[in-house]
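Asker: I have a structure I would like to understand better, so I am pasting it below and will then ask my questions one at a time.
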Amino acid sequence: MTIKVIIAGFKGKMGSTAVEMVKGDAALSLAALVDPFATETEVDGVPVFKTKEEVASLEADVWVDFTTPKFTYENTRFALENGFAPVVGTTGFTPEEIEELTALSAEKGLGGLIAPNFAIGAILLMQFAAQAAKYFPNLEIIELHHDKKKDAPSGTAVKTAELISQVRQSQTQGAADEEELIAGARGAAFDGFRIHSVRLPGLVAHQEVIFGAQGEGLTIRHDSYDRISFMGGVNLGIKEVVKRSQLVYGLEHLL
């Protein structure tokens with residue numbers, strides 16, 4: 001029996017890549033495609049809709065969301081309230097929103113996944129960085145993305161910082177009398193260390209965590225050169241959420 005999937009934001013680069021991934025997996029099938037910019041009514045026999053409300057009564061198992069931070073919270077609530085297990089790759093959730101959605105999913109008995117990053121290598125980077133932070137508490141995070149990305153820092157950088165903060169000896173880095181000659185030059189402050197965001201054309205998704213200590217340094221880096229790198233994680237997420245009864249934040253919980 002195939003898992004029936006709705007993809008929201010299918011006109012975007014991630015959404016369109018997800019469509020091809022689902023079409024190429026015999027265990028999955030497309031139930032519907034949703035995008036406010038859609039002009040067609042169907043794609044290869046799959047019905048297309050402009051609004052989420054039009055698919056509320058549809059028979060489907062999973063709602064895959066690659067829309068925008070502006071809409072993704074309400075979209076995820078909608079999915080849970082209508083019996084679809086959400087797999088969400090759009091970032092920008094607040095901790096309070098994640099807590100609310102987790103509680104709602106438990107109430108509905110539905111699995112779900114909010115993943116700042118679907119690339120397996122990025123998940124490993126986060127785990128390796130958290131391990132290193134126990135021994136190298138002085139660090140900075142640099143994330144680099146394409147120039148159309150709307151949120152900064154990236155969800156991956158925030159998740160990495162959160163994992164590091166759980167194990168790192170808390171301290172403030174830099175000179176005590178440090179002064180920014182240009183506002184923001186030192187990046188965003190997070191628990192005593194800094195996060196830097198780079199936005200340039202030609203990039204896809206990249207991140208490095210740089211650690212420093214007396215006489216040595218350590219750099220952990222991950223690069224996604226193509227959006228196909230995320231599809232293994234999306235595929236895993238779709239197949240795992242239908243087995244679960246509560247939403248999780250981070251792909252690492254499904255590995």
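Using the three backbone atoms N, Cα and C, a Cβ is placed for every residue, glycine included.
Below are the features listed in Swiss-Prot for this protein:
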type	residues	note
BINDING	Gly9, Phe10, Lys11, Gly12, Lys13, Met14, Gly89, Thr90, Thr91, Ala115, Pro116, Asn117, Phe118	NAD(+) binding site
ACT_SITE	His145	active site, proton donor/acceptor
BINDING	His146, Gly155, Thr156	(S)-2,3,4,5-tetrahydrodipicolinate binding site
ACT_SITE	Lys149	active site, proton donor
Asker: Neighbour count, 10 Å Cβ-Cβ cut-off, for Pro116 (NAD(+) binding site): what number do you get?
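Answerer: Cβ-Cβ neighbours of Pro116 (NAD(+) binding site) within 10 Å number 24.
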Asker: Out of His145, Lys149, Thr156, the recorded positions in the record, which is closest to Gly89 (NAD(+) binding site) when you go by Cα distance?
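Answerer: Sorting the recorded positions by distance from Gly89 (NAD(+) binding site), the top entry is Thr156.
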Asker: With a radius of 8 angstroms around the mean position of the C-beta atoms of His146, Gly155, Thr156, what other residues of the same chain does the (S)-2,3,4,5-tetrahydrodipicolinate site pick up?
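Answerer: Here the nearby residues are Thr91, Pro116, Asn117, Glu143, His145, Lys149, Asp151, Ser154, Ala157, Ala205, Gln207.
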Asker: Give me the long-range Cβ neighbours of Gly9 (NAD(+) binding site): same chain, 6+ apart, Cβ under 8 Å, in sequence order.
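Answerer: Result: Gly15, Val34, Asp35, Asp65, Phe66, Thr67, Thr68, Thr90.
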Asker: Nearest to Gly155 ((S)-2,3,4,5-tetrahydrodipicolinate binding site) in three-dimensional space, by Cα, is which of the recorded positions Lys13, Pro116, His145?
Answerer: Pro116
Asker: Please list residues from the chain of the residue listed as 'active site, proton donor' whose Cβ is under 8 angstroms from its Cβ, counting only those at least six apart in sequence.
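Answerer: Correct list: Arg199.
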Asker: How many Å separate the Cα atoms of Thr156 ((S)-2,3,4,5-tetrahydrodipicolinate binding site) and His145 (active site, proton donor/acceptor)?
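Answerer: That comes out at 11 Å between the alpha carbons.
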Asker: Name, in the order they occur in the sequence, the residues of the same chain whose CB lies under 8 A from the CB of Phe118 (NAD(+) binding site) and which sit 6 or more residues away.
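Answerer: Gly89, Phe230, Met231, Gly232, Gly233, Val234, Gly237, Leu251 - these are the non-local Cβ neighbours of Phe118 (NAD(+) binding site), listed in sequence order.
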Asker: Can you give me the Cα-Cα distance between His146 ((S)-2,3,4,5-tetrahydrodipicolinate binding site) and Lys13 (NAD(+) binding site) in Å, rounded to a whole number?
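Answerer: Here the two Cα atoms lie 12 Å apart.
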Asker: In angstrom units, rounded to an integer, how far apart are the Cα atoms of Lys13 (NAD(+) binding site) and His145 (active site, proton donor/acceptor)?
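Answerer: So the alpha carbons of Lys13 (NAD(+) binding site) and His145 (active site, proton donor/acceptor) sit roughly 14 Å from each other.
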Asker: Let me know the most crowded of the recorded positions, choosing from Lys13, His145, His146 and counting other Cβ atoms within 10 Å.
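Answerer: The most densely surrounded of these recorded positions is His145.
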Asker: Counting only residues 6+ away in sequence within the same chain, which have a CB under 8 Å from the CB of Lys11 (NAD(+) binding site)?
Answerer: Asp35, Phe37, Ala38
Asker: For the binding-site residues listed here (Thr91, Thr156), tell me which residue's CB has the most neighbouring CB atoms inside 10 Å.
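Answerer: The most densely surrounded of these binding-site residues is Thr156.
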Asker: When you look at Gly9, Phe10, Lys11, Gly12, Lys13, Met14, Gly89, Thr90, Thr91, Ala115, Pro116, Asn117, Phe118, which the record names as binding NAD(+), what is the longest CA to CA distance in angstrom?
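Answerer: The widest Cα-Cα gap among those binding residues is 20 Å.
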